[in-house]
Amino acid sequence: MPGAAERGAELREQMEAFVARLRGGGGRPRSEDTARHTLALLRKIIAHGHWGSAGELMELIRAEGRRMAAAQPSETTVGNMVRRVLKVIREEYGRLRGRSEESDQQESLHKLLTSGGLNEDFNTSYPTLKANVIEAINELLIELEGTTDNIAMQALEHIHSNEVIMTIGYSRTVEAFLKEAARKRKFQVIVAECAPFCQGHEMAVRLSKENIETTVMSDAAIFAVMSRVNKVIIGTKTILANGALIAVSGTHTLALAAKHHSTPLIVCAPMFKLSPQERSWQRSMFTAQCLTTSRQSSLLSSFLTSGVTRLPISTAS
Amino acid sequence: MSREEKLQLRKEKKQQKKKKRSEKGPAAEPPEQGAAPEPGQPRVTPHPSSSPTLADGPSDGEKPTGGKSKAELRAERRAKQEAERAQKQAKKAELGQAATPAKPRLTPTEPPTVVKRLPEHVQVDDPAALRKLAKKLERQQVPLRQDYGTKVNLFSHLHQYSRKKPLTQQMSIPSTVIHPAVVRLGLQYSQGIINGSNARCIALLEVFKQLIRDYSTPPNEELSRDLVAKLKPHISFLNQCRPLSVSMGNAIKFLKKEISCLPDTLREEEAKEKLQSTIDNYLREKIVLAAEAISKSAFEKINDHDVILVYGCSSLVNRTLCDAHMQKGRAFRVIVVDSRPRLEGRETLRRLVRKGIHCTYVMINAISYVLPEVSKVLLGAHALLANGSVMSRVGTSQIALVSKAYNVPVLVCCETYKFCERVQTDSFVSNELGMVSVPFFPPGICSLLLRLGSTGHAELSCHSSS
């Protein structure tokens, strides 16, 4: 069928473009944009891919997901979205098989204790599975759009008048958070600029446009200024399963300084940044990446500092 | 009771003296006497916030030269106060003797000596202190530095200078009061050409040597007294160009003491020779020999296959590392940590690489990444405070803090002439604000740059906490 072949080719092109963009080049994309694109691509794969049963679909998704994640291991959002889609497929399949939600949970816990493994074969094919899965993915997309606003709505609970808030680098979630609070409350913000790319400057400019009193300072002054700060609010790239953060370079210092001064630290992150992985990051993985990409590379650039022999990333726990 | 009577007698004598002086002329009246009785009432319950401004009175401010009537009015007021106080004391004496020993102490007539005088540079938000500074500089013919327009609120108690025009543009050329070598030195300080506490101190002492060489005692003056007076405007000028460092302050104190201790029997030439050799001795002992001694004991701690982390640019640390590499041939590598905007680590990098030491260069936000492989941290200091805190370039305390988290020992190298009696709890109390040269920010953003003032408690030689 020419239509299907065209669609297949188009799909493959989009996949290639996405993978290439993940690998580097261009501006730093938002995690939310990456998540949305991943979901859109996966939806297309489900709609136009060749698969028969749920099991085949899951294999297909896994394979594509692995390829996308391999292009940029530090971008964990891709992996998280793939896992969510797989979970959606499993749920829809289970629902179609005729099991209710509660018994499913009970059974799965019982199963965990006794059999220790899924004995679902996912081999029966249901005609409505595709439509259900696509609908569920659409719901996911809608949920994605609202995450920043949902986080920003809680701003007034945490920020009070005449407080001095410290943040680091440029996080759009934190920007929305602070802007929402600034509509009702007056407070000051101190931004650490995060050399050498100085994303903090952009953050400060945007905040000051909302008439928030902003001060930019160098990373070296983080500890020096911390004695006057009431709260630290940061964004992050990933939250690992053991509670560790993978965030912009300098966050660990910020967290240590806040701990020393007993200043509360708040991390604003949407759900799709929660990763079930727990490994400690290997340095070699990142150095290998950096040697192959140009210095203007987008994703890596936000986390790396210029180095002669090592290209470091900071993790905070 | 007799104590009170003695105090009263003293008061009356002083009053008489004041009246005599006020007849001579109000300008001659020392301001101390003017300030002291007025706090008589408030001094009964001493309040710390009022004392700094009162204490500024006895220093070198000039009293406004009002007419005689002002002085007379003041004398009358004082007499009234004395009378009231005498009445009060008489009443209290009737009531009980136990209370009286305490009272005389609370109503002194001497100038308050127990009050701590705050240094001028942390009182920028007090207009009276600013006026005093302006007057003093005017008297010495030293230009006053312009303040920056929008200020950061957190630092409203510190000077925030504008960078638009260097200080020397307001001065005439040649300046009659300030020696040209000092003008040049001031410019070098303010433009950041001479940086680092050791370098600034050495430059200062060399310039003072030249000042002494070119100095000639005016007739009817003592060299020991006049030279100190001639140095004062130069020191004010340098202070305006860039606040004095602790090393420079200690050197100046030493020099002033040496000058005022000169015996009068010496001829001018001999005195100048003696001063020059004293300065040379100071330079050699306190800076050069001290550096050698510190370097010798510090590179005992550097072993083979060490990874050493250094921050910024410290002459002492650089010397230690170069000595360890060249003389002892230890095989170690260095990680140089740098921070914006001064990027002093590049200078360190240059010097070390030239000697052939294996170096790595990172920015300060990457220290959590490199510290697991570091075996020692070597830091320089700007000053050592009386409570054991180390004062150094901003960012040093961060390095110490993160090193503690990774259990890496921190060594601080500091010569003894940098010890000072100040105590500081955090970096806001007293600091020097630098000027930021970043792309233009729209109004509403303040750029904050702390030059110094990262304080941290350090145990010299072993682990540190901050």
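Note: Cβ is positioned from N, Cα and C throughout, glycine not excepted.
Lifted from TrEMBL, the feature list:
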{"type": "REGION", "residues": "B:1-113", "note": "region 'Disordered'"}
{"type": "COMPBIAS", "residues": "B:1-10", "note": "compositional bias 'Basic and acidic residues'"}
{"type": "COMPBIAS", "residues": "B:11-22", "note": "compositional bias 'Basic residues'"}
{"type": "COMPBIAS", "residues": "B:25-42", "note": "compositional bias 'Low complexity'"}
{"type": "COMPBIAS", "residues": "B:60-94", "note": "compositional bias 'Basic and acidic residues'"}
{"type": "COILED", "residues": "B:265-292", "note": "coiled coil"}
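Averaged across the coiled coil (B:265-292), pLDDT in this predicted model comes to 91. Counting residues per DSSP class in helix, strand and coil order gives 9 helix, 0 strand, 1 coil for the compositional bias 'Basic and acidic residues' (B:1-10).
DSSP assignment over the compositional bias 'Basic residues' (B:11-22) gives 12 helix, 0 strand, 0 coil.
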